[in-house]
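First up is the structure itself, then whatever we jot down about it.
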Amino acid sequence: MEIGDMHMSNEHQEQLRSASESGDPLSVSLLQISTSPKSPKSPKSPRSPKVHQGRQGLSKGSPLKNDRHSHSKIDGRPKKGGSGGKGTWGGLLDMDDGYLDRNDPNYSSTEEKERLVAGRKSSAEFDEYKRKATVIVEEYFATDDVVSASNEVRELGMPSYNFYFVKKLVSMAMDRDDKEKEMAAVLLSALYADVIDPPQVHKGFSKLVESADDLIVDIPDTVDVLALFLARAVVDDILPPAFLKKTVESLSKDSKGVDVIRRAEKGYLAAPLHAEIIERRWGGSKNKTVEDVKGRISTLLTEYVVSGDKKEACRCIKDLKVPYFHHEIVKRAIIMAMEKKQAEDRLLDLLKTAADVCLINSSQITKGFSRIIDTVDDLSLDIPNAKGTLQSLISKAASEGWLCASSLKSLSLQPEKRPLEDTVAKDFKIKAQSIIQEYFLSGDISEVVRCLESENSTFSAHLNAIFVKKLISLAMDRKNREKEMASVLLSSFCFPADHVVNGFIMLIEFADDTALDNPVVVEDLAMFLARAVVDEVMAPSHLEDIGSQCLGPDSVGNKVLQMAQSLLKARLSGERILRCWGGVGSCRNGWAIEDVKDKIGKLLEEFESGGDIREACRCIKELGMPFFHHEVVKKSLVRIIEKKDDRLWGLLKHCINTGLITMNQMTKGFGRVAESLDDLALDVPDAEKQFADYVERAKMEGWLELSVEFNRPALADENGFRS
């Protein structure tokens, strides 16, 4: 056939058809069809009858469909290196700038065949890579062998396609459990730079963000999960923070990828203590608990002091992969230098080198020194002249330029004169810790009460607050069993509410420091606060008193209060918080809410028959569910309205005067009755009028706030439980 023939040969048609069928939808078209402004325009060519067979026809990349050359002066080729627009995948495997024009004098059918064969070969290689990558990911999820997976990716020998492995690994993990998500993050961190080059990692994540609209069809929570993968990659230092801004600029405004970037930036990376939270979102890195990291830090510093191998020490610090926890390295190194004078120069030299190569940033160095300054008084018990030694180390570090001394707290070298009170408090802390530890082993509440009375015979408010602080602090470092035991013990004491409040204020004041060792302090402390309110250990209004002691809106303490208030506002919060750690608090095992309601009804019937107020109050107290006392109020008030008998009114009066039922529970109880007035009016026509009279009477007797109003729909959302 002649070169100028307008019809394609059967051989060429067959080749193109085969290429179209074998092309992967995630890869590019095998041939990039474009019209060059420099090449002569070709006349219209009739379409082959085979083109129109079937309803779908050929893809946009087929020269048989787009066989007309553009008459526009604008180059019709895709921009940015050949990449196509929305819905296309051009540019990944382009073999040339365009196809050969048969009307070109330099046209060679042999060259066209070679290019077609090369395109097929590239596509076949990519298909093979994708198949093997999928197998590697599946095997890795089954075996959890990072080393084996790394070796297999390296053995593929196609580094230019590694972006696809990144995309495949993350997309497969997104549709699985937290275990696989954590495994994917760990593997990416292990492959970064050593096996997969940074540009390939960046490209893989770019492809993931671009395909968010497709992923969300099969994975409804794509936005949140992919945002967390991006945030984790930033925390693990395999993506620079600038990647997010650069990527969002290349996306269309209505793309789900924009939502992913925004969620990563504002939902995860902008949160306080975000690094620790993100690191542990899927269960935490394997073998990387706080205690384990601390142990590894101590080991590497000890080995460094013995060997002096600074390069190996820096490698160990890098291998920890906890840049947000480097302040612990600084703290332990300085304390070791204070304890071992002969190791001082070597340890300072390590910190200086780590700072110079940006292995430990200035913020972590400052935080490490600040933590030592906060505990220097305790260090003075074991290290003679601890303050003077620390001041000397600070001066050396500042003179060498790797510490900004002006950002540290002032360190007074004058020994503090401890008043007698502080000495007593210190001794009490030691004894309180021993009492609490024994309680966690035995669970004997009566023994704790006896020991506490003997140690604090004067019932000092300060010592009671110290005990509350120590109890919750020790429980937060332990499992749910101990947390539940701590809440039960706290509700068993007869501490005045202000003593408990002072204990929580002390916990709030030190929350920022506690967060350095306990990344989930916000969640734990907020739950203890909410539980104390539910157990009626303190009133909801006390949260405002605690809030006034917070250091600022961005402090950890403020976050704790916000979370506690949010937990208490949730529907059915009482029952949920009571069982927050898997226990049932002071409630008897096996008591369901319906059982409690039944017991309340029976005790009220017995009181109406016998009239023994003391016995009725004892039964109410033995229920052990102070957060549910509004049910006592409700059932009593309904009986009063139905029977017009003031005997139960006397019981309510005694309960509120003795503090057995709080004003908050009284208000909830009246609100519950207000909700059921429509049903109650079916049996008692004047129920609404009676209820209004009793509300006014309760206000006059001081049971209710004068300003309270019972809006039925509003109160329906505030009640802890429904009948």
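Keep in mind that glycine also has a Cβ here, set from the backbone N, Cα and C atoms.
The structure displayed is predicted, hence computed values, not measured ones.
Copied over from TrEMBL, here are the features:
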REGION    1-113  region 'Disordered'
COMPBIAS  1-15  compositional bias 'Basic and acidic residues'
COMPBIAS  65-78  compositional bias 'Basic and acidic residues'
COMPBIAS  81-90  compositional bias 'Gly residues'
COMPBIAS  99-113  compositional bias 'Basic and acidic residues'
DOMAIN    128-249  domain 'MI'
DOMAIN    292-413  domain 'MI'
DOMAIN    427-548  domain 'MI'
DOMAIN    595-714  domain 'MI'
PLDDT averaged over every residue in the domain 'MI' (128-249): 90
Residue distribution over DSSP helix, strand and coil in the domain 'MI' (595-714): 91 helix, 0 strand, 29 coil
Residues of the domain 'MI' (427-548) by DSSP state, where helix covers H, G and I: 96 helix, 0 strand, 26 coil
Counts by DSSP class (helix H/G/I, strand E/B, coil) across the domain 'MI' (128-249): 99 helix, 2 strand, 21 coil
